[in-house]
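Trainee: Not my notes, these are from TrEMBL:
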type	residues	note
DOMAIN	B:4-100	domain 'CoA-binding'
BINDING	B:T17, B:G18, B:R19, B:E20, B:I96, B:T97, B:E98	CoA binding site
BINDING	B:Y159	substrate binding site
ACT_SITE	B:H247	active site, tele-phosphohistidine intermediate
Amino acid sequence: MSILVGNDTRLLVQGITGREGTFHTTQMVEYGTNVVSGVTPGGLGKEVAGVPVYNTVADAVSETGANTSIIYVPARFAPDAIYEAVDAGIHFVICITEGIPINDMVPVYRYVRERGARLLGPNCPGAITPGEAKVGIMPGFIHQPGRIGLVSRSGTLTYEVVDALTRAGLGQSSAVGIGGDPVIGTSFVDVLSLFQDDPDTDAMVIIGEIGGSDEEAAAAFIRERVTKPVVGFIAGQTAPPGKRMGHAGAIISGGTGSAADKIAALEAANVRVARAPFEVPELVRSALASA
Amino acid sequence: MSILVGNDTRLLVQGITGREGTFHTTQMVEYGTNVVSGVTPGGLGKEVAGVPVYNTVADAVSETGANTSIIYVPARFAPDAIYEAVDAGIHFVICITEGIPINDMVPVYRYVRERGARLLGPNCPGAITPGEAKVGIMPGFIHQPGRIGLVSRSGTLTYEVVDALTRAGLGQSSAVGIGGDPVIGTSFVDVLSLFQDDPDTDAMVIIGEIGGSDEEAAAAFIRERVTKPVVGFIAGQTAPPGKRMGHAGAIISGGTGSAADKIAALEAANVRVARAPFEVPELVRSALASA
Amino acid sequence: MDIHEYQAAEILARHGIPVNAGTVATTPAEAEAAARAAGTLVAIKAQVHSGGRGKAGGIKLARTPEEARAAAESIIGLDIRGHVVSKVLVVPGVGIDQEFYLGVVLDRNARQILIMASAEGGVEIEEVAQTNPEKIIRIHADPDRGVQPFQLRQMAFDLGIPAGKVAGFAAIAGSLFRAFLDEDATLAEINPLIITKEGDWLALDSKMSFDDNALFRHGDFEALRDMAEENATELEARQSGISFVKLDGNIGCIVNGAGLAMATMDAVKMHGGDPANFLDVGGGASADQVAKAFGLVTADPNVRAILINIFGGITRGDVVAQGIREALARVAVSVPIVVRLSGTNAEEGRALLAEAGLTAVDTMDAAAAQVVASAA
Amino acid sequence: MDIHEYQAAEILARHGIPVNAGTVATTPAEAEAAARAAGTLVAIKAQVHSGGRGKAGGIKLARTPEEARAAAESIIGLDIRGHVVSKVLVVPGVGIDQEFYLGVVLDRNARQILIMASAEGGVEIEEVAQTNPEKIIRIHADPDRGVQPFQLRQMAFDLGIPAGKVAGFAAIAGSLFRAFLDEDATLAEINPLIITKEGDWLALDSKMSFDDNALFRHGDFEALRDMAEENATELEARQSGISFVKLDGNIGCIVNGAGLAMATMDAVKMHGGDPANFLDVGGGASADQVAKAFGLVTADPNVRAILINIFGGITRGDVVAQGIREALARVAVSVPIVVRLSGTNAEEGRALLAEAGLTAVDTMDAAAAQVVASAA
């Protein structure tokens, strides 16, 4: 296993009998992910893609030894699902759900940390360790096992870069989408730190976007703590200020959060920043060559 | 010092410029308690009984090194006062205030414990180590330094027993009133445990009353962990069931909480139980003699 | 502060809990009219601040308006554990499929709010706790975060509630917990909470009590007070910050502190006397308050002697003595008074009493002995 | 979701904050009447969802009703950072003794609610943050327990607020924090919060924005929406789960995912083109939704070519292709369409497109190059 998910993952799917839960459970099982159980209150006895369903996470954990959970329940019920997972001893929770109110996530974030668990997302595509475990909604077939670690605030843009890497013959150790919500469980810095310590990762790719200051925080961390080569890409270089571009965070306001600022910060931390996704593989190669 | 308060106590008075705060600060200073500062928002620069007043507990702590706080502010403001004391690093908070709603105290209790601090009360008379520090509203002059530790849910009834002990020549190591509210910071068990470990205490007196099951919990603790002699008294032996006698806890309901049950539990733990306060000193003497 | 079943049901309904709404009747005719309006089998339920209504004959079923009148006739005026019934609640009869107990209380030992449920609905929870403690499912609410829906679903599954009814149970339990917090309750209880023959959740009997210390946040609760259920004297006392409970004996007691007051009553009993009341003048009693306490005690015609037992802490002996003197100046007291005064400013107090011709006794025990002798 | 100053003031007033209540006027005559009714010096304030009103001439003082009319005349119709003023707020002039800034926002890095205050009232907080960061006092609210009054008093003392005004400040700050939570705000700001010449606290200018994800809890907020301030197309898009932002270029973009959509715009620019819009069809887009997106883009007369860039994850390529076909069957599209399709079910999608006579380009870069060429 590289980081976060892998062969040791025993996955539980919360909201498994819902439309998305069922679709992605099938996809994850097909990919080879070890999906051990699912939960839907009142769903005990059902099966989805051969995966047994339980009424509660506690039951699923005690019956199937799940250690990781992925959440597909609607936004109003997602915080409860996260609490339930952590309370049942799940140490890593991936929340795919989008649209969770900020005021609900603030106490959830605190709770997860207090209990020593980790949350990825919400509103994220999940994490994948190619060839071992796909825990999320990303298309598995574009990935290829390898030694490049990838972290991103975005969903499909990540696939774009992964696809480019794979086509260039650069496989991935793990690829992690942290999500674009204002309150997320795992930050760029958290994932970069894991990649830095991961013996299966030789170089990292960080994919950011306009808004907020997460990329600047990542740059500071890279400058101080990261010794492996890092390549970056920032989406929204041509976005006009004051307009919110989909993600809650993707807005340039008051002269901060612009792509130029973020690129400057990353370059100051010795990160090679691509102008477009297709440039990422060649920058990774040259970074590896000069490392 | 015996337990909780003593020569090491550097006392801060919250609500010091109020009527009760002023009266009792004067009393405590006269007793010889080391009252180092007081707090009343906006009171900076004032003095009460020679004690300097600050605007905030944080200021008072940093300026005067207070390590213990006593609270005389009205019920609506008392939870905030407790939070402020604990947040400023006070490790022992005595809350005299009565009438605090239960729903306010439940999170306060959690907070104090989380921070590793101790709360005595609310709605309690405080704690005294005779000859060293009086931190509360008890009349100091009835106490006498000695080796009997006393703990009680009641206020004036404690004085009654202390007075009887002093008259009988039995001085006190410390006397602690834990208060009669449904949610209190320090229980019988907590105090008994401190006395058990206190080298300056030879025997203990526990003064309970009808209602709740704190005395039963104390009895269980005594049976398992206390090796020093213990004498008890339970008020309300003749109280009729179903009537609330002042304290929120003082009601006999559903066949539980009666004085008879509590006395039986204590006697089963080898506690000598007095029928009236005046009997306490002779039971203490005989307990000490046969120990 | 206790309220009636119908008032608790109204509050819980406001919190989104489905309750069996009914009509309050204070006469058999009103009950008959309510039953006629309901047009169905009804239950007639005594509205008193007391448990044990069923066993005492305070709950009856009526198939016709005439039966409802007769039932109300037999219930109104009934004495249930010392509470005389002055009104009944007329509610439609409901077909019960399953019954549960659901309650929220403070767990004093844990210092946390406790949510309890049991499949033994309709039975008093204390009884279940004694006979089948394992049948009670308990959840402690987190002091900061409260209780999460998943915990309440877990409770429902543990109770054996059918899968299709789990979400409904969790919603009701969540609402009951919220009601407990929002209304500063000391008890919020639905017993029984039922699934009807039609498959709906329904709170069939609701009970709430409120934290007296939090009433300042709930000005509207005063309107819920049933003066018929309250002892006017006790209420008047409480408004002066005095705890007063009327008892059956003939020795009036005025004491500072609840614990000492109980110990004083015990001492009176030990000496063969019988206390006429429990009275705690509270901490920091003013002269006015002591005079007030005097008035409360002397208003009881049974009182043959009065024992004043004060151990000064906040309450200062001189202030108490002043109160006694003022009271004696206002009210002519014809029964003997025994005063015991110790603690803060006791000597000054004794001097003031001496001026008024009263001698203070030294110890509580001696005072109790003397007052019993005086009353004999 | 943004609202106007006067609406924010009404909400804060409901939370117990003293605000400078005024009258909304949509014509100079109404402004004059409001000023007359006020009978005092008034301020006429543009109500737009934009900052920088003062510098843009959107706030004027008027000593007489006639001056108020003139001021309103000059303000109504004004363009402030792209927002055209359609209404003004007429508020009584107030004598200011001291000015403060008070705001509540989410601190994304700390994942906690942040309460900020500064004695530099009336100045935009971002400006203070850059020039005098030490002049901003910050408190993080505990995620579970919120903020305690003592913390807000500490803030007041740190701001140098006079002792007699500290409790008032703490009460207002506490209420603002509660309002932020209760209303699911993303911003709650009073700037300036003042002490009047008479010595009273007053919120002179209020601002609130709400969390779009929490609007389901606040049905009443829909009534606060000012359609004049919203782009009808963007609003319509949002109701279909599509993020749409109108831009000035001529290349329509339909992309799945906000990050990819921005990267697509960047690619178009890199190749010398100019995007007509930002459009994210969202995850799991249905055929219907893709058709909808098509409609949004083709409604813009500037659009000279359309770039569809889909990388399938949840969104499946065949579904997208189906949507494109359906849209083309409904709407006659006269501009060139370049499709790029990768990821889940991309091959099936390409097959469907081929049936409709469309060829999908392999990479985003190539697609961007091609669409720019088509639009030229």
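A Cβ is built for glycine as well, from the same backbone N, Cα and C atoms used for every other residue.
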Trainee: Sorry to bug you, but what's the C-alpha spacing from B:Y159 (substrate binding site) to B:R19 (CoA binding site), rounded to the closest Å?
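Mentor: About 22 Å separate the Cα atoms of these two residues.
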Trainee: How big is the gap, in Å, between the Cα of B:T17 (CoA binding site) and that of B:Y159 (substrate binding site), rounded to a whole number?
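Mentor: Spelling it out, the Cα of B:T17 (CoA binding site) and the Cα of B:Y159 (substrate binding site) are 26 Å apart.
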Trainee: For B:E20 (CoA binding site), list the number of other Cβ atoms lying within 10 Å of its Cβ atom.
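Mentor: I count 18 other Cβ atoms within 10 Å of it.
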Trainee: Measuring CB to CB from B:T97 (CoA binding site), give everything in the same chain under 8 Å that is also at least six residues away in sequence.
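Mentor: Non-local contacts for B:T97 (CoA binding site): B:I71, B:Y72, B:V73, B:P74, B:A75, B:A78, B:G121, B:P122, B:N123.
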Trainee: Restricting to the chain of B:I96 (CoA binding site) and a gap of 6 or more, list residues whose Cβ falls under 8 Å of its Cβ, or answer none.
Mentor: B:E20, B:H24, B:I70, B:I71, B:Y72, B:G121, B:P122, B:N123, B:C124, B:P125, B:G126, B:G136, B:I137
Trainee: What count of other C-beta atoms do you get within 10 angstroms of the C-beta of B:R19 (CoA binding site), across all chains shown?
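Mentor: Here the count is 10.
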Trainee: Quick check on the binding-site residues B:T17, B:G18, B:E98, B:Y159: which one has the highest count of other Cβ atoms within 10 Å of its Cβ?
Mentor: B:Y159
Trainee: Work out, from DSSP, the number of helix, strand and coil residues along the domain 'CoA-binding' (B:4-100).
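Mentor: When I sort the residues of the domain 'CoA-binding' (B:4-100) into the three classes, I find 31 helix, 23 strand, 43 coil.
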Trainee: DSSP secondary structure for the residue listed as 'substrate binding site', reduced to helix/strand/coil, please.
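Mentor: Once the DSSP labels are grouped into three classes, the residue listed as 'substrate binding site' ends up as helix.
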Trainee: Under 8 Å Cβ-Cβ to anything in chain C: which of these binding-site residues pass, B:T17, B:G18, B:I96, B:T97?
Mentor: none
Trainee: Using only the Cα atoms of B:T17, B:G18, B:R19, B:E20, B:I96, B:T97, B:E98, which the record gives as binding CoA, return the largest interatomic distance in Å, rounded to a whole number.
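Mentor: For the residues that bind CoA, the greatest Cα distance is 18 Å.
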Trainee: Restricting to the domain 'CoA-binding' (B:4-100), report the mean pLDDT as a whole number.
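Mentor: Residues in the domain 'CoA-binding' (B:4-100) carry a mean pLDDT of 97 in this prediction.
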